[in-house]
Amino acid sequence: MPIIIDKDLPARKVLQKENIFVMTKERAVTQDIRALKIAILNLMPTKQETEAQLLRLIGNTPLQLDVHLLHMESHLSRNVAQDHLTSFYKTFRDIEDEKFDGLIITGAPVETLSFEEVDYWEELGRIMEYSKTNVTSTLHICWGAQAGLYYHYGVPKYPLAEKMFGVFEHEVREQHVKLLQGFDEVFFAPHSRHTEVRESDIEKVKELTLLANSEEAGVHLAIGQEGRQVFALGHSEYSCDTLKQEYERDCQRGLNIDVPKNYFKHNNPNEKPIVRWRSHGNLLFSNWLNYYVYQETPYIL
């Protein structure tokens with residue numbers, strides 16, 4: 001089944017080239033189907049790239065999804081054309097009287113700041129509070145996961161001596177959790193961050209369950225409130241060349257950055273990246289949508 005997006009959204013052409021089934025809003029209203037309402041709070045400066053990454057994954061399921069893109073009203077986005085935001089995005093004020101089946105909160109390049117120093121922290125707090133009663137399940141990614149763990153449970157983040165950068169092996173910690181249905185006992189996921197949350201802090205919170213971690217990269221997946229909140233510290237949504245682009249960008253800026261681990265063939269940045277995470281990335285998003293959104297949401301929101 002398709003994802004429903006605006007016919008002029010640039011990501012639509014990218015997805016159609018990859019045979020992802022997309023449908024315009026005009027076509028969707030002719031069908032007698034209650035599509036799942038999914039909001040994506042896009043905190044990334046590379047908005048169009050992030051749109052394509054997430055739509056690619058959530059569009060690869062049998063479910064029909066009505067996608068709403070959100071941006072922060074209290075933050076000026078400098079890396080995206082204003083007409084793109086005006087045409088395709090809403091603010092929290094636009095949707096705060098609605099209910100959603102699912103919400104995705106992305107990462108953001110603000111992790112070296114304390115949460116309270118982030119200029120949109122107050123607005124984000126209102127959205128996360130809203131999600132507790134107006135969203136069936138919320139998936140938090142990378143910094144979005146750190147923010148959610150801190151806001152809802154007081155779990156702190158800690159600076160890393162070096163950037164966690166690359167593709168890392170993870171172990172499943174809980175075998176009988178629906179989010180990990182079909183997962184191998186060991187799987188890969190990308191990470192790209194300067195801070196971490198610690199397993200010991202998550203284990204102190206009885207409402208949280210640690211699902212997967214890595215000896216090298218630390219915590220990757222956790223859930224709270226029986227799946228109403230899902231936290232993914234890695235980037236299972238990343239495209240093949242996302243880490244490559246981040247590495248080249250940092251090199252151009254003159255930053256002292258290591259080659260992303262376990263990513264390039266022979267660990268040589270002049271060679272092609274090796275994708276090890278795509279199947280489990282698709283499985284993570286499809287399991288979230290099926291077991292924690294579709295199976296749990298009421299027909300009438």
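Cβ coordinates come from backbone N, Cα and C, glycine included.
Under a cutoff of 8 A between CB atoms, and with a sequence separation of 6+ in the same chain, the neighbours of GLU111 (site 'Important for acyl-CoA specificity') are TRP143, GLN146, LYS157, ARG193, HIS194, THR195. Sequence annotations record features per position, and here Swiss-Prot assigns site 'Important for acyl-CoA specificity' to GLU111.
Using a 10 Å radius centred on the Cβ of CYS142 (active site, acyl-thioester intermediate) and all shown protein chains, the other Cβ atoms total 26. In the three-state DSSP reading, CYS142 (active site, acyl-thioester intermediate) counts as coil. Residues or ranges marked as active site, acyl-thioester intermediate by Swiss-Prot on the basis of sequence analysis: CYS142.
Residues or ranges marked as site 'Important for substrate specificity' in Swiss-Prot (evidence: sequence analysis): SER192. Secondary structure at SER192 (site 'Important for substrate specificity'), as computed by DSSP, is strand. Cβ neighbour count for SER192 (site 'Important for substrate specificity'): 19 (other Cβ atoms within 10 Å of its Cβ, all protein chains included).
Residues or ranges marked as active site, proton acceptor in Swiss-Prot (evidence: sequence analysis): HIS235. Counting Cβ atoms from all protein chains shown, HIS235 (active site, proton acceptor) has 22 others lying within 10 Å of its own Cβ.
Feature annotation from Swiss-Prot assigns active site to GLU237. Taken residue by residue with DSSP, GLU237 (active site) is part of neither helix nor strand, so it is coil.
Geometry remark: HIS235 (active site, proton acceptor) versus SER192 (site 'Important for substrate specificity'), CA distance 8 Å. Of the recorded residues, CYS142 (active site, acyl-thioester intermediate) and GLU237 (active site) place their C-alpha atoms 11 Å from one another. Same-chain residues at least 6 positions away in sequence with a Cβ under 8 Å from that of GLU237 (active site) are, in sequence order, THR50, GLN53, LEU54, ARG56, LEU57, ILE141, GLY281, PHE285.
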